[in-house]
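Chemist: Handing you this structure, nothing more for now.
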Amino acid sequence: MNGGHIQLIIGPMFSGKSTELIRRVRRYQIAQYKCVTIKYSNDNRYGTGLWTHDKNNFEALEATKLCDVLESITDFSVIGIDEGQFFPDIVEFCERMANEGKIVIVAALDGTFQRKPFNNILNLIPLSEMVVKLTAVCMKCFKEASFSKRLGEETEIEIIGGNDMYQSVCRKCYVGS
């Protein structure tokens, strides 16, 4: 075994996926691994770099396709990817990097605001050595929340936003509204 593997962090919005991604990458940095993070370039809510909803910032490469950064990451042994659901080549990229001996950590939504799967992320599950599903707090009743609910009427899947556009909700509050 070459040590390469895939860690997948999934859950609804506001569940701490990006925070957990940053925590894991920092652990590897402390252990003297050469690390890089990649964020989806169309996500520019807070500025450059990888940002959490509570405004923590971490340096990151930006791309819309992961194959575009292949040449920039050859020297790194740990690759963190945020908003993995938006990368069309996430499955092939992660499998290739893990097979080359790299540790790949992906933070991603597992479902849309309509509770439909992000198929590229579901296709990563059988290829991953570790899968963690986080929950958030329901922004309506304050119980455990497993779903993201869009506040507006837009129907497009890729609309990037924060708590101005989305809420994390439990099953009861998702179905009841």
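For all residues, glycine too, the Cβ spot is worked out from N, Cα and C.
Okay, these came from Swiss-Prot:
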BINDING   Gly11, Pro12, Met13, Phe14, Ser15, Gly16, Lys17, Ser18  ATP binding site
ACT_SITE  Glu83  active site, proton acceptor
BINDING   Phe113, Ile157, Glu158, Ile159, Ile160, Gly161  substrate binding site
BINDING   Cys138, Cys141, Cys170, Cys173  Zn(2+) binding site
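Relative to the rest of the structure, where do these features sit?
Modeler: Over all protein chains present, the Cβ of Pro12 (ATP binding site) has 27 other Cβ atoms lying within 10 Å.
Under DSSP, Glu83 (active site, proton acceptor) is assigned to coil, being neither helix nor strand in the three-state scheme.
Reduced to three states, the DSSP call for Phe113 (substrate binding site) is coil.
Look at Cys173 (Zn(2+) binding site): DSSP puts it in a helix.
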Chemist: Other than its own, how many Cβ atoms are within 10 Å of the Cβ belonging to Gly16 (ATP binding site)?
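Modeler: So the Cβ neighbour count for Gly16 (ATP binding site) comes to 18.
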Chemist: I want the residues beyond Gly11, Pro12, Met13, Phe14, Ser15, Gly16, Lys17, Ser18 whose C-beta is within 8 angstroms of the mean position of the ATP site's C-beta atoms, in chain order.
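Modeler: So the additional residues around the site are Leu109, Leu134, Ala136, Ser168.
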Chemist: Using DSSP reduced to three states, classify Ser18 (ATP binding site) as helix, strand or coil.
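Modeler: Ser18 (ATP binding site) sits in a helix per DSSP.
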